[in-house]
């Protein structure tokens, strides 16, 4: 089992209870989408799974171990097996794309190799290969400040794929992309997860993309799991209650398909 949560709660430093009573298991190789209204706790949940935030209560198992029972050094080793794709990747503006991508393996390299890579990228061909999968091979030596928001998101994804993690977490990874590119990018992430038996967990606002690309859908509202269903079982009634008091708009679909709904965010 890649992930196991039992009675998890997480309270922020200001006292806000962001996650409450979460019970969840995700097996190796599963592809899971987390959906829900803004402020539901999706990003907090992903940071918890990445061992970036400790739970306030409950039991957490990530890749077979409790991250917060480990020493700092061993927890850092665990994190090298986990990639977290941020909605706005924290990439230095003047950093070149090749360096940003190869930084995905800094947690697996020693200090000397990491410093050398900052001066001269050690695996240009490897970085180019993963960028090519995202149609960014021509941006290899450009600086991050020269890229659009969608291109920066794809660089963040390339960095995560280059890391070769066992657990791939993605927080709104395609929010800055046009619909066609978002669809293509999620298909690529899903195919990578299948080919490499990687566990993929992504938060998405676009419900139709979640239903199209992920076999399992978890709806989160007010820090709680509202439903946990196969994508084929998610109906309008589930989405209506998940997004209660949110403004929803129907997406155009074929006559044979079930109407899917997407929150405006």
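Even glycines carry a Cβ here, placed using N, Cα and C.
Record features, source Swiss-Prot:
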- 3-247: domain 'ABC transporter' (DOMAIN)
- 36, 37, 38, 39, 40, 41, 42, 43: ATP binding site (BINDING)
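Feature annotations (Swiss-Prot) mapped to structure.
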residue	record	Cβ neighbours (10 Å)
36	ATP binding site	27
37	ATP binding site	20
38	ATP binding site	10
39	ATP binding site	12
40	ATP binding site	23
41	ATP binding site	24
42	ATP binding site	23
43	ATP binding site	17
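For the recorded site, residue 37 (ATP binding site), the DSSP three-state label reads coil. Each residue in 203, 220, 221 lies on the same chain as 36, 37, 38, 39, 40, 41, 42, 43 and has a C-beta within 8 Å of the C-beta centroid of that ATP site, without being one of the site residues.
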